There are 4 protein chains.
Amino acid sequence: MKSKILKTTAIAMALSVGVAQAAEYKASTAEGPIKIVNLKTMEAQVQANMEKGAFGYIRGGAEDENNLRSNTTAFDKKYIMPRSLQGIEFSDLNLKTEFLGIKLDTPIIQAPMAAQGLAHQQGEVATAKGMAKAGSIFSLSTYGNKTIKEVADAQPGYPFFFQLYMSKNDAFNEYILSQAKQYGAKGIIMTIDSSVGGYREDDVKNNFQFPLGFANLEAFAKISDDKSKTGKGAGISEIYAQAKQAFTPADIQYVKKMSGLPVIVKGIESPEDADTAIKAGADAIWVSNHGGRQLDSAPATIDVLPAIAKVVNKRVPIVFDSGVRRGSHVFKALASGADVVAIGRPILYGLNLGGAEGVNSVIQHLNKELKINMMLGGAKTVKDIQATHLYTDASFNQ
Amino acid sequence: MKSKILKTTAIAMALSVGVAQAAEYKASTAEGPIKIVNLKTMEAQVQANMEKGAFGYIRGGAEDENNLRSNTTAFDKKYIMPRSLQGIEFSDLNLKTEFLGIKLDTPIIQAPMAAQGLAHQQGEVATAKGMAKAGSIFSLSTYGNKTIKEVADAQPGYPFFFQLYMSKNDAFNEYILSQAKQYGAKGIIMTIDSSVGGYREDDVKNNFQFPLGFANLEAFAKISDDKSKTGKGAGISEIYAQAKQAFTPADIQYVKKMSGLPVIVKGIESPEDADTAIKAGADAIWVSNHGGRQLDSAPATIDVLPAIAKVVNKRVPIVFDSGVRRGSHVFKALASGADVVAIGRPILYGLNLGGAEGVNSVIQHLNKELKINMMLGGAKTVKDIQATHLYTDASFNQ
Amino acid sequence: MKSKILKTTAIAMALSVGVAQAAEYKASTAEGPIKIVNLKTMEAQVQANMEKGAFGYIRGGAEDENNLRSNTTAFDKKYIMPRSLQGIEFSDLNLKTEFLGIKLDTPIIQAPMAAQGLAHQQGEVATAKGMAKAGSIFSLSTYGNKTIKEVADAQPGYPFFFQLYMSKNDAFNEYILSQAKQYGAKGIIMTIDSSVGGYREDDVKNNFQFPLGFANLEAFAKISDDKSKTGKGAGISEIYAQAKQAFTPADIQYVKKMSGLPVIVKGIESPEDADTAIKAGADAIWVSNHGGRQLDSAPATIDVLPAIAKVVNKRVPIVFDSGVRRGSHVFKALASGADVVAIGRPILYGLNLGGAEGVNSVIQHLNKELKINMMLGGAKTVKDIQATHLYTDASFNQ
Amino acid sequence: MKSKILKTTAIAMALSVGVAQAAEYKASTAEGPIKIVNLKTMEAQVQANMEKGAFGYIRGGAEDENNLRSNTTAFDKKYIMPRSLQGIEFSDLNLKTEFLGIKLDTPIIQAPMAAQGLAHQQGEVATAKGMAKAGSIFSLSTYGNKTIKEVADAQPGYPFFFQLYMSKNDAFNEYILSQAKQYGAKGIIMTIDSSVGGYREDDVKNNFQFPLGFANLEAFAKISDDKSKTGKGAGISEIYAQAKQAFTPADIQYVKKMSGLPVIVKGIESPEDADTAIKAGADAIWVSNHGGRQLDSAPATIDVLPAIAKVVNKRVPIVFDSGVRRGSHVFKALASGADVVAIGRPILYGLNLGGAEGVNSVIQHLNKELKINMMLGGAKTVKDIQATHLYTDASFNQ
């Protein structure tokens, strides 16, 4: 590794009154497996390594960050009962599973996140490589710093999803969905929980603006007369403002038809919305509160998952995210109705600290913790986890 | 802005043994919109800006301040379910509502508070201007530092309420109610929860006495032989001691008849008192525990609101206050039975930091947070919020 | 006040290996009313004023002090509903009540405590004077530093109780009960919860031994050949070891017959023991866990009071103590079934800081807080408080 | 005592890349009774006295140590009701009991723990002597630093158990069980909850490897061609990896038949596993979550004990451990269904601070606390404790 920091030429468009941002955004160029004790302590390492505004944007949650915290602490209210006479060999533990026909070496996938160039100079390309190494799947955000083509070329033959933030401009929607199809995306993650940006105070305090452009928006800008902002120098609320806000079931049908790909509707937290989305044709449901970044008064996702799973009733598979930081959290989400579990911020932390290999290290660490939990909880396979009953304090009131 | 601090000629009547107060009370003269990250962090800014006794009087609560804290933290026990398929455009969100026939641009009004000259040299006049700018309504306290005429003249044509602390002397009551009617008050807020001052330890420790006179009491003193204290140099308990204490339903009828105005009975926390007040003729109920300043063992207002709303059963509208610091709190109060939501201390903090414009900034900030919560919670109007079901931890026990 | 500290001639019998106690015990001689903000903050004032061992003995609780803390914090789980239309004048509030035929100006009495010479040079004599000044009743411990005659002479004509720690030696029991009767005690408080001393770690760490003799034990030692320890130089466990341990209902009958006085059985926390004591002839029940000094795993007294009151069913009056630090706590205990409420440690703190007047200051401060709570909670008399319904969080779950 | 620290010749096999462990492991040689205020504060004393890696190995728990903490804090949710009229003399309190036909002076036994040479140079031999002195029973771990013969010879005639970690190599199992039988073990503790090592972060951070060999593994290595690691220089996961993982009921039958001794199945936390073990022939059940060292998401043992006791229904006796640090904890475990209660880490702390006498001091301290709790809770014998009803907060909701 020659140099850890690449000086990008990105110049922040300092729009804020009286506060100029750093002239160049310095992204990490770290490469290599990283030693992880636990995912929580990675955060401080990354903080020491990243510009304040970028770190605030990645780490932050909405308002008082109650939801950001409760997403993780709510897992502690669920107990896994130790089981010891099931006759399981450690070497027989099996994390393999399948999602929408795609074979996965682990039930842990990556949640799509915008602007991964903030974490690493190679951005989404490195993440895609890392997830492929882990035998899992990469998802590219509409607001990524790399194009669909770039990530498709990164790991030829490996599956990836494309996360759509619909635009108010249907020409963009048609353009980007045709790109996704052309370059081989295996499904469209249609995010519906971001009709407006959550009130994230770190971004307000830091007056954060994206220092790097969103490659897909820039590509579209070149071929259209759409005057939309393309990321660089824009604040988050400006980006959200040009995105589509008023989602209805008809939008799900539109995306399905336009893309011809499976549509995973992301940002569901209520049983009602889950049912509506499925009836509108959703091929999978993604239970998420956007990692506590949107509605701070929302319940923790693990708290709402059982009721959603009941309503979904296996009509479509369920992806789960928000707050997952331990192998035990993955276990509990699977045992509460999820089919696969997605990880967000820790992936970017791994990316920042070790590039593609760092991303893989994060997944491998979670796999390791998950396997220990499976062994001690008496579950040999993902299906065994899903059949496991969890306990709460109420279970022990006699 | 020429000078931030105006040296008033107010000389504290240092009655306490051995402790002399500052000779002059220095009130803020700040003018202009203020930048707000959140309402909570305004408190420290104001504290750095205000004399200790005055700040203690404004900020403080009763006894251990359990109720002061729980009024706000109790909101965290209620969840808003994120909803994402309701087809709402941000530009269609509508905060307009109506209260006692008065049209409001926001469901957020200002709670009447005494002695606003402590926060700003222009006192209640600036607050009235700020609330008018926000398209909401101002309420003047009997213990204000400005007369009814002064605030009525501040914003001609704009609606305001007058908050009555009844006196033991009916001559005063008749005088002040006739003033309220003469100068155009749209209703009388009859405060019944302050038959004695709560035991506020900051005031005891600071030996706090009002450094400025109460304009309405001073005006009455000039035309009567009533020997009552008129504020300046008096402690809070001296002021409360000369106010009426023994409230009964007959007092509500008296105020209605005497003023000929709608009477809003403020300081209701039990369903029983709500029913009694309505049967006595109250035109509206104001659910409040005086911001945790009275009975420290009282429950949080948001905890008692649903039971009160059930008893009120839409016979009269409900105002709600105590502890509201977030747009989400406004949302939750409306969803629990309130028709409008009042804000206290933060208004004085805005007044202190920016005069009339600062007051408006506070309302605008809350409006902004509220709209984000409406968008993410799937409510387009105030009525939609009122029809929204809130969740608690008990909702997620399966 | 000439001098705040009197050098007593008490010489500690330093029995501990390698650690010598201070040669003389220096007790406070402070005299005069004290300014109290709240009872909690008195503790730090006293700590700065008292030898470490003595302070540890007075303040400390058993084991982890869970019970010491929960006795007070459990009050916070009960709410008083603000009531505002009951037509009560502050001047009409009435704290007077009656206990075992004794008229009291306040429902707040003093809990008997050993070794009050630790807090003040005049010890129990000053406490007796202070309680008389407050229009309440004093109780002398068997392990007091003053004799029954001394406290009876302190305030001739004023009622007092004698708290009996039964001895294994019946000659002592007969002697002391006849003294109590001879000098006019109005009742015997028979403490049954101290069959062994709780495991109080401060006393262990400080290797605490009483620096002053127990006057009643010393008096008996002069007229008997009983070789018992009489306090000075003894550890608490040595004192407890010579006291009677194996209490049965027959002991209650013995004390009643021997004294011919009403017997108040102190140290009841279970409904079963309350019923047993009443059936054995108890004239009153004293609900107490000894201020968290005995069984650290015990529930808070306010938590068990309702069930005890239900079983007692008004057959005899109920005294309540342990953890009371606020007027609101007195209110809540009375509303939960108590007839009078006793205060322990804060009385010694008042004694330490102001002698007899300091004791009175403590009662007056609590009376003041209590009256504010009565006014705001809508209760005019002690009987009104007792008829008040308290609320808990469960009341507000809808 | 000539020297507190014996320089052992143990040389750590520094296998970790770039980090060399201390060349010699310095174990305590302290001898003599220790003064104990409480068990909790012993931990800091030991920490100051022991190498970081060894202390981390002994103290640490899995992952976030939620289970490590909750094992102890869960006891605080159970209350012991003070009882005062049962007529009990302190001198009549009786801690004697019996387990599997072995007479014990206390219901408190020692939990088997590996590698006691880390705590003291005499290791398990000193622990065995200390437990004999306390009139209780010692258990030797397969991974002890002393052989079965050494601990049997330490206290001829005194009972001990042997804790079996089954090997994947049945030759070892046969060898070690025949040794246990030959040297007089009274029973086999068959640990089934360690099919994999819990994820203990202190060991990861310290890169901990055992500095001393496991005597029983070394003895077997000398007589076999088994290439297993024998402790010294090995990490915990390497040791666990060569142990048997896939436990089934058949293994219980195998150990019973092979040893001809009573088999106590240790590491049961679910009622289902308890029933399975008993049906497979277990002579006793040991309820344990390995002191919070295995599955961090497990419930506290005291929380699951009642449901297990109900299923066991007195078919076999129940041993209980994990989190016990107070006499009151012993009381509560017995009152919740346990027959004897085992102590882990505090035994090693006593061993470290005082050798055999230190071990005895720990038991005596717990006995002392337990007796105070019995006296104040109205229980004269172990059977009385077992018949005692515990209370929870729910008991006091009216």
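Cβ atoms here come from the backbone N, Cα and C positions, even for glycine.
TrEMBL: automatically predicted annotations, no manual curation.
According to TrEMBL, the feature signal peptide maps to A:1-22.
Look at TrEMBL and you will find A:31-395 tagged as domain 'FMN hydroxy acid dehydrogenase'.
If you look up TrEMBL, you'll see A:TYR57, A:TYR165, A:ARG200, A:HIS290, A:ARG293 marked as glyoxylate binding site. Note: A:TYR165 (glyoxylate binding site) has non-local neighbours A:SER141, A:THR142, A:TYR143, A:THR191, A:SER194, A:ALA243, A:LYS244, i.e. same-chain residues 6+ apart with C-beta under 8 A of its own C-beta.
Residues or ranges marked as FMN binding site in TrEMBL: A:112-114, A:SER141, A:GLN163, A:THR191, A:LYS266, A:SER288, A:321-325, A:344-345. Mapped onto three states, the DSSP output places A:ARG345 (FMN binding site) in helix.
A simple way to gauge crowding: the CB of A:HIS290 (glyoxylate binding site) has 26 other CB atoms within 10 angstroms, across all the protein chains here. Sequence annotations record features per position, and here TrEMBL assigns active site, proton acceptor to A:HIS290.
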- So of all those binding-site residues, A:TYR57, A:ARG200, A:HIS290, A:ARG293, which one's Cα sits nearest to A:PRO112 (FMN binding site)? A:HIS290
- Message: How many Å separate the two farthest-apart Cα atoms among the glyoxylate-binding residues A:TYR57, A:TYR165, A:ARG200, A:HIS290, A:ARG293?
- Response: 19
- Per the 10 Å Cα distance test against A:ARG325 (FMN binding site), the binding-site residues A:TYR57, A:HIS290, A:ARG293 reduce to none
- Query: Using DSSP and three states only, what is A:LYS266 (FMN binding site)?
  - Reply: strand
- According to DSSP, A:GLN163 (FMN binding site) sits in strand
- Sequence-ordered, the binding-site residues among A:TYR57, A:ARG200, A:ARG293 whose CA is within 10 A of the CA of A:ASP321 (FMN binding site) come to none
- Message: Within a 10 Å radius around the Cβ, which one of these binding-site residues has the most neighbouring Cβ atoms: A:ARG200, A:LYS266, A:ARG293, A:ARG325, A:ARG345?
- Response: A:LYS266
- Hey, how far is A:LYS266 (FMN binding site) from A:HIS290 (glyoxylate binding site), Cα to Cα, in Å? 9
- Query: Quick one: Cα separation, A:ARG345 (FMN binding site) versus A:ARG293 (glyoxylate binding site), in Å?
  - Reply: 12
- Around A:GLN163 (FMN binding site), which residues of its chain at least 6 apart sit with Cβ under 8 Å of its Cβ? A:PRO112, A:SER139, A:LEU140, A:SER141, A:THR142, A:ILE188, A:ILE189, A:MET190, A:THR191, A:LYS266
- Item | Inter-residue Cα distance where the pair is A:GLY323 (FMN binding site) and A:HIS290 (glyoxylate binding site), in Å | 9
- Item | Inter-residue Cα distance where the pair is A:ARG293 (glyoxylate binding site) and A:GLY323 (FMN binding site), in Å | 11
